[in-house]
Every structure is written in C-alpha cells, then in structure tokens.
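In what follows, a structure is listed as structure tokens, so that the remarks can point back to it.
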Amino acid sequence: MSYSDPYSSADPPRARHSGVAPEKYDPGFPANLDVPGWAGPTQPGIGLPEPDPRREPEVNGYTAETTQLPLVTPRAQHQPGDDDADEDATPPRRPGPGRRRAGPGRPPTVQKTSRAGRNLPAAIGVGLTLGAVLLVSLYAYKPAFLGVLAVAVAVGIWEVSRATREVKANPPTIPLIAGGVLMVGLAWYAGADALMLGLVATLLAATVWRLADGPKGFKRDLTASVLIAVYVPFLAGFAALLAVPQDGADRVLVVLIGVVLSDTGGYAAGVFLGRHPMAPTVSPKKSWEGFGGSLVAAAIGTALSCYFLLGVDFWWGALIGAAISVAAVLGDLGESMLKRDLGIKDMSRLLPGHGGLMDRLDSILFAVPTAYLLLAIFAPVR
C-alpha cells in the first residue's frame, strides 16, 4: 500500500524505519511521530516493539499527547531586537555629514532635530536666507520683490502640480505657471481688477490646454487646475497689491512679522503648555494652547509694528494681528489637510529642513489677503 503524501495526518502512520504501513492502526503508536525523509518504501527497516499498555507512548522521552514541536518563526517575521543576531542584517553605514563614529571616550555626534523631526540648523539657515532675500528686495529695489514673487509663484505651482499626481491628477503645469506669473504682474501694474482678470485667463488657458488630452480624467485635472490657480498665484497676488504703494514695503513687513510671531508663539506655547489637541486628525501636534500663544504673540507684535510703521492705533493693530494669526493657522491646517489627502509629508524636498517652498508659504498665502483687506480699512493708502 502506497500513499501520495507520506506526511498527511489523514493517512495511517508508518512503522519506524520501514516502508510498510501497519495493517491496523495501533492505538499505542504515536500519531505525531515524525518519519525521517530517508525512510521510504524501498528501504527496509525494523518494526516497532509492542507498546506497553500500562504506559503512555513516548517519543524522545516526552509523552506523545503533550509533545509539540517548537514554532519556528519565519525570517520575514523575525523581530528586531531578538537575542540572536540576524545573519542577513544590513551592515553598519558610514557616518553621514556632521556625524562621527563613536569610540572610547568619544560619543557619536548626532544632528540636532526639532520637535517636528526636521534638521534644526538647516531649517534656521534656510529661514534666515529667505527672510534676507525678502527684506533686501523690498527695501533695496522694490521691483526686485516682484521678481522674487514671480519665482516663488512658479515654484509653488510646480510643487502643487507635482503633488497632485499622487492621486493620478495631471493638471497642465505650463499654462498654470505662465498664467500665475502673469497674475502677479497684472496685480503689480494694474491692481486688483487685473488680478481677477488674470485668474480667469489662467483658468481658460489651462482648460484649452487640457482639451488636447481627451476626456479621460478631464474633471479631475480641471479641478486640480482650479485649486492650483486660486491657491498659489491668486492669493500671492495680494502680496503684490500690498507692496505697490509708497509704504508697501512696510505693509508687507507687518504681515511677515505677524506670521512669524504667530508661528513662533504657537510653537512655544504648544511645547510648554499644549494639552488639548486642536485638530488631531489633520495636525496632531497643534493644540488649543498653542493657538492661544499664536494669537497673543501675533497680536502684540503686529500692534507694535502697525503703530511704528503705519501709524495705526495699538488696539486696531492688535485686531489685525489676531486676524493674521487666525488666517495663518487656517492656511497651515489647510495645507496639512491637502498633504494628508495626497498621502505626502512635504510638497517637495527643495528646502533643507523645511521641505518644499509651499510648506513655508502656506501660512503667508492665507494671511496676505486678510491683511490687505484690513489694512485697506484701518490704514488706507493716502
């Protein structure tokens, strides 16, 4: 008698070292006895002795009923940190820039990171550089600020267009960038009405460009195009509107002070006082205590800057600062929601320690139109 599967539990067990199975199943024969792979029907063996009915059958000194083979964990499920070393473990890497190997009496150097997990020295250096570029372009030669703004808009459109491809959208990047640069130029030279005209022209150009690719995915691509055109160049156009007047550099500086202090105050209050999450599903590290710190810091800083730079009463300046803070926080949360929906952490890796340029402009883009409208009321251009 032969069996197709010698290890099947449904078949009667074989005799030890024998290729012939017993005629009848012996209740004393251990059912889970492992038959060596070399024992086959062509190799004779020695039959098993008669079992002692007074004793339970044993296998290697353990009763058959209680004997269990140890569970072998597959290599794919091997957990790091086990006592035994993994022979396939990755060899140690060479220390990266800014680090050194540990040795006797010399601990390894580790790059400092912020609470958000970013490279803190790089983030500070990039932030100071961006701030210096803005201030120099504003106060040294104001038309240079228009060039900086146009470059920022082009890079921002590229980043968001690239990010939307994570959800299979394919917005027409070329007409969006061209239209975005046109929008900030129209706002600079022709005012708010021209900015609206530029938005309409950009959307029409993007629609016509997209028609050449056929109807498949048209709704998705057009929706992404509208989002990009409004989110980046249209909101950035208000920065051009702010900078055009004689005191335009001071107006832009007031907004930047409010946004920076809002971010700094919120970070400090959140680290030391944060207990109640503000939007845990969108930005888990934001807290209501941090939001309160943002409001206070932005209100005080903007009130002082409005008073000394624009001649606005302190309390009106505090109101403007609080509004800037709310807009900045909403801009930050809005981009966080967008990135979570797209399944990305940063818009790009363009700026070391920051991510993408849009990761730094998200708060400013919402704060600029807010400040433009409030300053038009409380500090009208003369």
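Heads up, residue numbers simply count up from 1 along the chain you see.
Every residue gets a Cβ built from N, Cα and C, even glycine.
Whatever TrEMBL says is automated annotation, not expert-curated.
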Subject >> Segment assigned the feature transmembrane segment in TrEMBL (from 191-211, 359-379) >> reply: 359-379
Original post:
To the transmembrane segment (359-379), which of 120-138, 144-161, 224-246, 252-273 is linked by the most Cβ pairs under 8 Å?
Top reply: 224-246
**OP:** Return the stretch with the most CB pairs under 8 A relative to the transmembrane segment (252-273), choosing among 224-246, 293-310, 316-338.
**Re:** 293-310
Original post:
Of the listed stretches (120-138, 173-189, 224-246, 316-338), which one yields the highest count of Cβ-Cβ distances below 8 Å with the transmembrane segment (293-310)?
Top reply: 316-338
